[in-house]
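Participant: A single structure is presented below for examination.
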Amino acid sequence: MSARAPKELRLALPPCLLNRTFASPNASGSGNTGARGPGAVGSGTCITQVGQQLFQSFSSTLVLIVLVTLIFCLIVLSLSTFHIHKRRMKKRKMQRAQEEYERDHCSGSRGGGGLPRPGRQAPTHAKETRLERQPRDSPFCAPSNASSLSSSSPGLPCQGPCAPPPPPPASSPQGAHAASSCLDTAGEGLLQTVVLS
């Protein structure tokens with residue numbers, strides 16, 4: 001039996017237990033009685049040795065467990081802080097973007113309200129250009145009182161400086177004078193054309 005004992009059991013058990021298990025009970029009589037005293041003392045020391053070995057192994061496993069838990073807690077803490085920081089950064093970015101958008105929108109609305117709209121100025125400008133072009137675009141003299149001239153020679157241009165268009169009917173003498181000057185110039189033009197022909 002002693003030769004068949006596994007080596008692992010020999011390494012695990014303390015030497016006192018190995019000595020007691022593998023010792024042969026050959027002593028008898030007085031020898032046995034004399035050996036009981038030191039056996040009792042040896043059993044006490046053996047218990048203390050076993051307790052020390054168990055405490056050492058338990059303490060080593062406990063230290064390993066504590067180290068593993070600490071490492072795991074550190075990893076979890078670092079991941080949680082990273083996620084929290086990331087969420088805060090996202091919230092700050094969203095707030096900044098919203099503030100910039102609100103500022104741009106407010107500035108655009110204020111600028112658009114203060115400046116006049118270009119669509120409203122276009123009709124007045126067109127009216128002014130039309131009023132300016134009306135006296136310039138009349139190269140033909142068309143007095144209201146020159147009916148004979150229109151029947152005899154329609155569409156003849158005025159040679160020389162032509163008088164401006166007649167004023168309203170309130171100023172009748174000035175209109176008559178303008179019509180007479182236009183008639184004189186038209187008559188001179190007719191005479192020149194007849195002589196040349």
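Glycine is treated like the rest: Cβ placed from N, Cα and C.
Relevant sequence annotations retrieved from Swiss-Prot are reproduced here:
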type	residues	note
COMPBIAS	96-107	compositional bias 'Basic and acidic residues'
COMPBIAS	125-136	compositional bias 'Basic and acidic residues'
COMPBIAS	141-161	compositional bias 'Low complexity'
COMPBIAS	162-171	compositional bias 'Pro residues'
CARBOHYD	N26	N-linked glycosylation site
REGION	94-180	region 'Disordered'
TOPO_DOM	24-61	topological domain 'Extracellular'
TOPO_DOM	83-197	topological domain 'Cytoplasmic'
TRANSMEM	62-82	transmembrane segment
Participant: May I ask for the residues of the chain that lie six or more residues beyond the compositional bias 'Basic and acidic residues' (96-107) and have a Cβ under 8 Å from a Cβ within it?
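Facilitator: Residues: none.
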Participant: Between 0 and 100, where does the mean pLDDT of the topological domain 'Cytoplasmic' (83-197) sit?
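Facilitator: Across the topological domain 'Cytoplasmic' (83-197), the average pLDDT comes out at 63.
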Participant: In the compositional bias 'Basic and acidic residues' (96-107), how many residues does DSSP put in helix, strand and coil?
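Facilitator: For the compositional bias 'Basic and acidic residues' (96-107), the helix, strand and coil counts are 12 helix, 0 strand, 0 coil.
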